[in-house]
């Protein structure tokens with residue numbers, strides 16, 4: 001695959017466009033319910049917690065690698081995930097926590113890449129952090145709107161949102177630094193390695209889809225919402241007939 005004269009981040013975007021769209025649709029279908037259901041959002045945090053933690057540990061452990069060059073000050077999310085999980089699940093959430101099968105499979109693949117070719121983990125750092133800085137920010141805003149619409153919600157909009165809160169850091173600047181890093185690294189790589197990173201970029205979304213599918217309870221919650229909506233519509237119709 002010829003990659004000359006095209007920024008590598010644009011190649012990654014082009015080569016993952018189709019599966020990225022599928023992944024976005026799945027995330028929206030699963031996590032849209034999280035705007036009004038904390039349990040679903042907490043599950044979403046749980047499935048990605050281990051993945052982000054692994055990538056951050058890998059960047060720290062492989063200091064002489066290209067992977068380490070992907071690091072941008074302020075991007076780390078492990079402690080933010082733990083803060084949010086503590087908020088939603090309680091102080092002792094780790095006591096009864098076990099990694100689910102789909103997440104274990106994901107981690108196994110990441111560990112294999114770390115032991116064989118850390119350059120390929122660049123795909124995961126790039127897509128997951130860009131996703132958190134893009135779609136993650138959109139989800140955050142939608143959840144904040146959802147909270148304000150809930151009459152009985154007494155939670156501050158800032159609580160339980162640590163993972164998408166980058167403080168005073170500019171989101172656009174963070175994204176640009178990650179883009180600059182991946183493009184700079186790609187300039188030093190041979191075509192074979194770049195091709196392998198592109199292949200892994202598609203695997204990122206495949207593995208993401210598998211762990212997102214494991215989020216439980218969304219179908220039941222959706223059915224409840226449909227039932228409530230149907231009852232409301234029926235009542236309105238009956239009242240209209242009586243007029």
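Using the three backbone atoms N, Cα and C, a Cβ is placed for every residue, glycine included.
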For the heme b site that TrEMBL gives with 20, 126, which of 13, 100 also belongs there? 13
Tell me whether residue 20 (heme b binding site) sits in a helix, a strand or coil according to DSSP. helix
Chain-internal residues, separated by at least six, CB under 8 A from residue 20 (heme b binding site): 13, 205
With Cβ-Cβ distance below 8 Å and at least 6 positions apart along the chain, what are the contacts of residue 126 (heme b binding site)? List them in sequence order. 9, 12, 70, 178, 182, 201
